[in-house]
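Chemist: The disulfide bond annotation in Swiss-Prot covers Cys97-Cys189. The annotation N-linked glycosylation site is assigned in Swiss-Prot to Asn5. The feature topological domain 'Extracellular' is assigned by Swiss-Prot to 1-25, 76-99, 161-197, 259-271, with sequence analysis given as support. According to Swiss-Prot, the feature topological domain 'Cytoplasmic' maps to 47-54, 121-139, 218-237, 293-312. Positions annotated as transmembrane segment by Swiss-Prot, on the basis of sequence analysis: 26-46, 55-75, 100-120, 140-160, 198-217, 238-258, 272-292.
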Amino acid sequence: MEAENLTELSKFLLLGLSDDPELQPVLFGLFLSMYLVTVLGNLLIILAVSSDSHLHTPMYFFLSNLSFVDICFISTTVPKMLVSIQARSKDISYMGCLTQVYFLMMFAGMDTFLLAVMAYDRFVAICHPLHYTVIMNPCLCGLLVLASWFIIFWFSLVHILLMKRLTFSTGTEIPHFFCEPAQVLKVACSNTLLNNIVLYVATALLGVFPVAGILFSYSQIVSSLMGMSSTKGKYKAFSTCGSHLCVVSLFYGTGLGVYLSSAVTHSSQSSSTASVMYAMVTPMLNPFIYSLRNKDVKGALERLLSRADSCP
């Protein structure tokens, strides 16, 4: 098929998770349920943090931002997939695909940055408790979040502008249920060397550096706890870090699983199936991890729900 520049009328074909017609209603019901649970759970976290003065601290400020990003992240892919299943159409427009790639990179990158910032917050709280309020002041907290958005915005924009220069064949098939950046580059007809370089740099920035920051923070935390004589103090410190460690392990564990799945099997079907874990399961489980393991969040949610019940 002759390669041509895609226009706004051109489209890609997202092959999805399965071609079996009997599975489509099951997939629709499953993913709709997961989407609603994710949005509701993360909205409750945001409402609990914003409405309860006890949670107006740096840790919960970052948590509410993480919940907002998770809602945006899952909303980038799932609604389109649900519409496609219901309409029995695999089409996605060229601009729709680029928009999906842009926001996927942005929100996935923000997840990594926020997890690193939250690890730094725990490091300051445990290793420098007397200076915590001075170091983690509202100005610094806001600056950390804004700087993360700024960096992610420009990296995502550069990647999309470079992708717009590529040529594709009309009706190109993408073996995924969303426009995953690497899969889109694989089906391009023109040279993608520069795009791959930018993608690798972005992966290093969004993956390696945040992970290094998280590892450094927790190495300092462990070192500080080793010198702590109070068992109660150690337990309290571990309990404040437990939820964050679970979320970090889930996020990077599922991401690594997707990478290994695609590297070992070379199967697009298994890769897209594994992608469900980090694209949908991780954002869905985050609110449960933080609410079930955190007494402050559980208390705030109970007060929020009791106020809602008391309203006429």
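These residue numbers are counts, starting from 1, taken along the chain as shown.
In case you wondered, yes, glycine gets a Cβ from its N, Cα and C as well.
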Chemist: Got a sec? Which of these disulfide-bonded residues, Cys97, Cys189, has the most Cβ atoms within 10 Å?
Modeler: Cys97
Chemist: Are the transmembrane segment (26-46) and the transmembrane segment (100-120) near each other by the rule of at least 3 C-beta pairs under 8 angstroms (pairs 6 or more apart)?
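Modeler: Between the transmembrane segment (100-120) and the transmembrane segment (26-46), contact is absent.
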Chemist: Looking at 26-46, 140-160, 198-217, which one has the highest count of Cβ pairs under 8 angstroms to the transmembrane segment (272-292)?
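Modeler: Top-ranked stretch among 26-46, 140-160, 198-217: 26-46.
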Chemist: Looking only at the topological domain 'Cytoplasmic' (218-237), what is the model's average confidence as pLDDT?
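Modeler: Mean pLDDT for the topological domain 'Cytoplasmic' (218-237): 78.
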Chemist: Report, as numbers and ranges, which residues of the same chain sit near the topological domain 'Cytoplasmic' (121-139): CB under 8 Å and 6 or more residues beyond its ends.
Modeler: 58-59, 62, 216-218, 220-221, 224-225, 237, 240-241, 244
Chemist: Residues sitting near the topological domain 'Extracellular' (76-99): Cβ under 8 Å, six or more positions beyond its termini, same chain?
Modeler: 6-16, 24, 27-28, 31-32, 34-35, 107, 160, 163-164, 168, 174, 177-179, 184, 279-280
Chemist: Determine which residues of the chain contact the topological domain 'Cytoplasmic' (47-54) at the Cβ level, with the cut-off under 8 Å and only residues 6 or more beyond its ends counted.
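Modeler: Same-chain residues near the topological domain 'Cytoplasmic' (47-54) but 6 or more away: 60-61, 63-64, 296-297, 299-301, 303-304, 307.
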Chemist: Report, as numbers and ranges, which residues of the same chain sit near the topological domain 'Cytoplasmic' (218-237): CB under 8 Å and 6 or more residues beyond its ends.
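Modeler: Contacts with the topological domain 'Cytoplasmic' (218-237): 119, 122-123, 126-127, 245.
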Chemist: Mind checking how the topological domain 'Cytoplasmic' (121-139) divides into helix, strand and coil residues in DSSP?
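Modeler: So the counts come to 16 helix, 0 strand, 3 coil.
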Chemist: Using DSSP reduced to three states, classify Cys189 (disulfide bond) as helix, strand or coil.
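Modeler: Looking at the DSSP assignment, Cys189 (disulfide bond) belongs to neither helix nor strand, so coil.
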